[in-house]
Amino acid sequence: MEITNVSEYENVAKQKLPKMVFDYYASGAEDQWTLQENRNAFSRILFRPRILIDVSKIDMTTTVLGFKISMPIMIAPTAMQKMAHPEGEYATARAASAAGTIMTLSSWATSSVEEVASTGPGIRFFQLYVYKDRNVVAQLVRRAEKAGFKAIALTVDTPRLGRREADIKNRFVLPPFLTLKNFEGLDLGKMDQANDSGLASYVAGQIDRTLSWKDVKWLQTITSLPILVKGVLTAEDARLAVQSGAAGIIVSNHGARQLDYVPATISALEEVVKAAQGRIPVFLDGGVRRGTDVFKALALGASGIFIGRPVVFSLAAEGEVGVRKVLQMLRDEFEITMALSGCRSLKEITREHIVADWDTPRTHPRALPRL
C-alpha cells in the first residue's frame, strides 16, 4: 500500500514491531486523554484563507537560534530508536540533514553523541535529562558540545516518569542487545527488568527529582550552548524561563506521556507565546501529523514545531527513507497550506489566518458562532 500521509506509518510500525516496543512508542500516560487531545485540539482550529495573492513563490526557510533551516519542521528527541530499526539514530540524523533541518538527540539514545556526529554534517540539538550525579550531567553536556551539538533541550517535566500502563503490563525493558549509549561507560547504560516498567525504575533510581529553576542557571555555568526549556505549558513558567536565561521554550507535554489531563500543546501554545512577549522563541511539539498543523502552530505564535512519534514509526517502517518521506510529506503539505491561505513566507502567517474554538467575539473579531 502506498503511504500518502504521516499517520499511515503508525499502522505499518504496529505490524512490524514487537508489541512491547510499539506500545512503548505509541502509548501515553494513564487514561491517554491528553494523547487523543494532542491530535483532536488541532481540529478545533479552522482557517481563514486569503485569496487572489500571488503565491507562485513560497519561502519556508527560517532561523532557529541563529541557524538557518529549510522549514520550521524539526525532529524531537525520541528515545531508543534502534528498537525501531537497526540504524536507529544514525538514520534519523541523516534524514534530518538531507532535509536541511534540525535533529534533537535523546539522552536515552541507543547511539552516542559521538556516533551521531560521525554521520556527517547537520545541525543537531541534545536533549538532556538531569541525573542525580551532576558529574554525569556535566560530562554529557561537554561531550555533546565537543561533538558539535548546537543547543541543549532541557526536559523539565520528568522529575518522575509518568504512569504508562502499557509499559507496566509489558514489563518494558530495553532489549538486551541495546544500551543507552551515552551512559555506557558510566555503568548507567543498562536497564534492569522490574516488576513494573523497567524505565520507570531506572528513572526513579537515576533522575534528579530536586531539579529546579536554579539548575537552569547552573547549566549555563557549565556550557556556553543555548538552553531550550522543554515541557512548559503555562504563562507563569514561560515568564520564569525567560528570567532564568533560557534561549527558548518548547511547549510540550512529553507526547502526553507524563501528566494526563494537561491540555494539548496547541491549546497551551498561545498562553505561553503571550507570556514570552517575543523575548525568546517558543516552539511546539505534540500531535503534529499534517502540514495544516504546522501552519496552525505558527499562526498561534510558534517559531517552529518538532515531530516525535512520526519519526520512530516511519523509521520502523522504512528506515532512513521513511524518515525522509515524513519530512518531505509534512513539507509539501505545509507549502500547499501556505499557498492556499495566501502566505508566501513564514512572516505572512498571522493570527488572522485562523479562528479557534476558544475565540470569542471579544478576543477575535471573526469568532465562530457557538454551534
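Backbone N, Cα and C atoms are what each Cβ position is placed from, and that goes for glycine too.
Lifted from TrEMBL, the feature list:
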- His254: active site, proton acceptor (ACT_SITE)
- Tyr24, Tyr129, Arg164, His254, Arg257: glyoxylate binding site (BINDING)
- 77-79, Ser106, Gln127, Thr155, Lys230, Ser252, 285-289, 308-309: FMN binding site (BINDING)
- 1-359: domain 'FMN hydroxy acid dehydrogenase' (DOMAIN)
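For His254 (active site, proton acceptor), the Cβ neighbour count at a 10 Å cut-off comes to 24, with all displayed protein chains included. Each of the binding-site residues Tyr24, Tyr129 was ranked by the number of other C-beta atoms within 10 Å, and first place falls to Tyr24. Counting Cβ atoms from all protein chains shown, Arg289 (FMN binding site) has 23 others lying within 10 Å of its own Cβ. Comparing CA positions across the binding-site residues Tyr24, Tyr129, Arg257, the one lying closest to Lys230 (FMN binding site) turns out to be Tyr129.
The two recorded residues, Gly287 (FMN binding site) and His254 (active site, proton acceptor), have Cα atoms 10 Å apart.
Its own atom aside, the Cβ of Asp285 (FMN binding site) has 29 Cβ atoms within 10 angstroms in the protein chains shown.
With a 10 A radius on its CB, Ala79 (FMN binding site) counts 21 other CB atoms from all the protein chains.
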